[in-house]
């Protein structure tokens, strides 16, 4: 059977839904795969006969009416691009009732009947308030490399960011092996150790410091020493920015052990890069589901993924707590880096 | 808390298990991440005080006694390497009772009390027969880029292979966009369309031909024409080798449409490359679990992953059928490539 | 000293040149780095106060008046993109006097006083004829992955294509090492072995077949056998498409040796990918020089690079012969793959 | 003609040279491509019937007799690996007459008649002193990512390091474009701006700060402001570590302009990664030439490359000054980033 035929079979009865025009924006920190999500929203909507408005620069564009219609071509050849073609921003104004009132004027002016918000928990908080005030149905799509949004196992961009860090570890490993030194890699994660833990385990790091656990420099040093005595001549330490400063750790380690230490701070390059297949599939599924949510009258939920299945989570529950790290992975990292 | 402390807490009581020495081999087609699995088996076993024998070249080395002890250093700096340091082979001899009898002599000679087999369904079939004949506890770890093993959502190497194909699509897209032509990419998958479907969806391919569905060239052409009239000047078609020959499809399309078509056959490079973070984590978790299985007396199971959780599947059930593709993804690919 | 100050020092006296408006097009097969060359042409021209017209789809757009003004923003964020934003095509019509007459009408209509042609020898042949017929100053910029244009050591895109092939060899090497098999990789090069030779040497291939030399399958087999006896269990053979068909070679080798052979045909993906630093620098230097040529009245030359220095070559000399391969590299490849 | 035949033709008369056994070491900071150079030294030497001793950990292993014979297999499958299989170190002891005397004992003990030193200017200084004291013929092969060695246009590893930085710029560009911010990337280069300049030009950076020029923060800010007013909403600044601290620059810029700035410090990952085709070819040619030098009695030279041709440079001239940057490239970067 061809794609077309299969697609015909599942085609929604377009008469079922009263929604005719939806809007989409990206908000907060950008993450790789956001473009794939935008593409899925636009194409899925057009497939069902809807019109789509693209809003530029997140809530800022929502307030300033920086928006316009999108068609099939608007999202051609973007699935592989990092960043977001709709750009993003953090809007202080949208946190004020006045800001949101301006945005609501644009909802009326442009005839928007539903809004897809691709972003993090801060963005969902704003979407939720806006829904409560003005009743506009909103659908959240989790996009952040930090992977800290509650209600979904994975957020769009996390897999790409982890692979970016792992590639960095690969490169550092080359020189570490040749040079018999200790290397420290500071990665993103102010409140969450997802990137550090996953990349550290995948990269075979000797130590991983994350904000969720009490990090003890003495123990890190002790472990380094044990390895050193066993003949392990080099060591790679991954530090989440929320756990400690890479430069500070490097300095302390040097003072305590006399070992030469070298520090890399990856910074925002972790937000870029062409998205991995995983992130593109995730973004495609989530973007398409967000449109289905709006069509079916589901008014204030986030699309999530749990156990490999797409799920729906109350928007209000997504910013009350953080997606917890898996301590089993942390233990496993400890066992495998002996 | 430091890695060490956490690890102490979960440390198995080594006295619980009578297993003192296990062996590990890789078999069948190699896949990226097999080295990460070997590393996990060796380090997890050593962590629990076991000895590990590494068997070279799959069942061939098992028969020929091509094996030796592994230690922590044997698996240092291999987590990021494609291929398998234990090498692999397909052994016709192990399919015979005589071959297996020789292997059993080596089991006795080397004092092997359990065997971890990293490979595909053919390898598990052999492991199962061997267990039934000689009672050696065996633990399977699914490693194949085809992702067609029943009992696990993902096999080690699949994610890497998909990303390799997606990178190829990215490159083809550059020239396709510049040149307004039709490109055909033949990927691996004799009986299974997992790679073609996942990479095709992630790469934004216009058509995906997989062995599981009746592929109709007329419909592929029709779709190409529709896009062409709409101004879509280039097109990328992904063909699983089991669905059709890329070269043949290219020839037919040219005859039918007059459009110039270009063909790429990726071949075995899909088996190589440094494993993705996903495959390394999967391999680390699965390798460690295989050791736990052997320690706990679980004698003939494969480690699988289902809904993100590690599961145990009867070895005999892994080669009776194939891991089915997700038709929802196929439909989604159709909708998003309109 | 800052960039600005240094730049001020070298700023051309814009009054020196009568040229006010130039055009740029990409033609023939696309190659990675063409966008970097377009960017350099546009920005260098604007820096000197010129106007730039971008012509779409090579000589086709030149004939069809598919062109428009370009500014600084037209070329923002394209330096890293494969392909060409101006798209490319092969125009049969431009080979006719009628086609060129139409193009000349557009020269007059748009007030074009000079033309930068980024492409291969076929494109330069067309540019040369056009110059001879209508006197329009033309500047050629060599862009082709084949690296076969006479008058320049390197063409834009060659370095990227070679790295793409080398990455493919890396991946094949993983599975070759694990599996002890013979692998054949067919690469681009109908009349020229530049890609095959350079990538083969860089990738450590055991044999390299190029169109420039009499390729003897018997000798390739003999070498394979010698290696095999010495314990070299795997082998990688690079074949330029102009030397032989990869599939055919694979078949013959299997018949002669009984060894299992696997074939990869890279095809057009060699034309894509984000350009390497080398290609971007080359494209930037060449694009800028092409503008200087047109400003200084140099009317029918190609920018080349020889011994690391930018040179100027008569356009007519670029398509009379091919850039020869370096036999020393071929010998070196033979010595290093023993 | 086959590789073998061509090679036969050029085969050196092995009787010409009295050299029977040479040694090879890597010293100083490691760089990608060193393994390709080691491979070339070993295979070229064996091709000519010489024996090769591999010395571990640079001059440290030379002093400590940490060395052993290498054969064809010692260098199999290493051409694509970053780092150096011989490892490297900085030896304070070799700077003393006592240290060198110990090394000389090993020269006698192991029958070493010539030494290939792969490293930077510091390593060549040591080699030169050793040659002057003990007469051992030495051949230098320039390996450093900094590209600051006089007497060669390119050192092994520079091209790879530049591409690593350019990939980082690509990723930062994604988020910069989406987010409209200023990004600072600190790269290696304590005394030399080669990496910063080449990568900055190739990456399209808005400003490049290098140690060779007086860097004026006020002017950098001024340029940022001009672009900002023109609508250029994001900016990427490359800083060589020898020119300024990335973190400091970020802080100052923020104070002066109020613009949010983000800093990445790449650190030692610039030393790793699989070498580019360019670096592998360079390393292969240089390594092979170093062996020829020792065979022909050339006793104290470095292999260099100038204008694409392999040249020979007096070792003593390689550490008297630095390889200067090309100011033309700096000017071009200024023009193209307007």
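For all residues, glycine too, the Cβ spot is worked out from N, Cα and C.
A TrEMBL annotation is a machine prediction, not a hand-curated record.
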Task: Site-mate of B:90, B:91, B:120, B:121, B:122, B:123 for ATP in TrEMBL, selected among B:29, B:33, B:49 - done: B:29
Open item on the list: Considering each pair of residues in B:144, B:145, B:146, B:181, B:188, B:189, B:190, B:241, B:262, B:268, B:269, B:270, B:271, all listed as binding substrate, report the largest CA to CA distance in Å, no decimals.
Closed with: 33
Open item on the list: Please report the distance from the Cα of residue B:90 (ATP binding site) to the Cα of residue B:144 (substrate binding site), rounded to the nearest angstrom.
Closed with: 14
TODO: Whole-number Å only: compute the distance from the Cα of residue B:262 (substrate binding site) to the Cα of residue B:39 (ADP binding site).
DONE: 41
Task: Overall pLDDT for the domain 'Phosphofructokinase' (B:21-294), taken as the rounded mean - done: 93
TODO: Cα within 10 Å of residue B:144 (substrate binding site) is the criterion; apply it to the binding-site residues B:41, B:91, B:120 and give the hits in sequence order.
DONE: B:120
- [ ] Using DSSP reduced to three states, classify residue B:262 (substrate binding site) as helix, strand or coil.
- [x] strand
Task: When distances run from the Cα of residue B:271 (substrate binding site) to each of the binding-site residues B:41, B:91, B:122, B:206, the nearest one - done: B:122
Task: Cα separation, residue B:146 (active site, proton acceptor) to residue B:188 (substrate binding site) (Å, whole number) - done: 7
Open item on the list: Quick check: which same-chain residues outside B:29, B:90, B:91, B:120, B:121, B:122, B:123 lie with their CB within 8 A of the centre of the ATP site CB atoms?
Closed with: B:27, B:28, B:58, B:119, B:126
Open item on the list: Would you identify which of the binding-site residues B:41, B:188, B:269 has the most other C-beta atoms lying within 10 angstroms of its C-beta?
Closed with: B:41
- [ ] Could you tell me the maximum Cα-Cα distance in Å between the residues recorded as binding ATP, namely B:29, B:90, B:91, B:120, B:121, B:122, B:123, rounded to a whole number?
- [x] 14
- [ ] Give the number of CB atoms, excluding that of residue B:43 (ADP binding site) itself, located within 10 Å of its CB.
- [x] 27
Task: Candidate with sparsest Cβ neighbourhood (10 Å radius) among B:91, B:123, B:144, the listed binding-site residues - done: B:91
TODO: Measure from the Cα of residue B:234 (ADP binding site) to the Cα of every one of the binding-site residues B:29, B:91, B:120, B:122, B:123, then give the nearest.
DONE: B:29
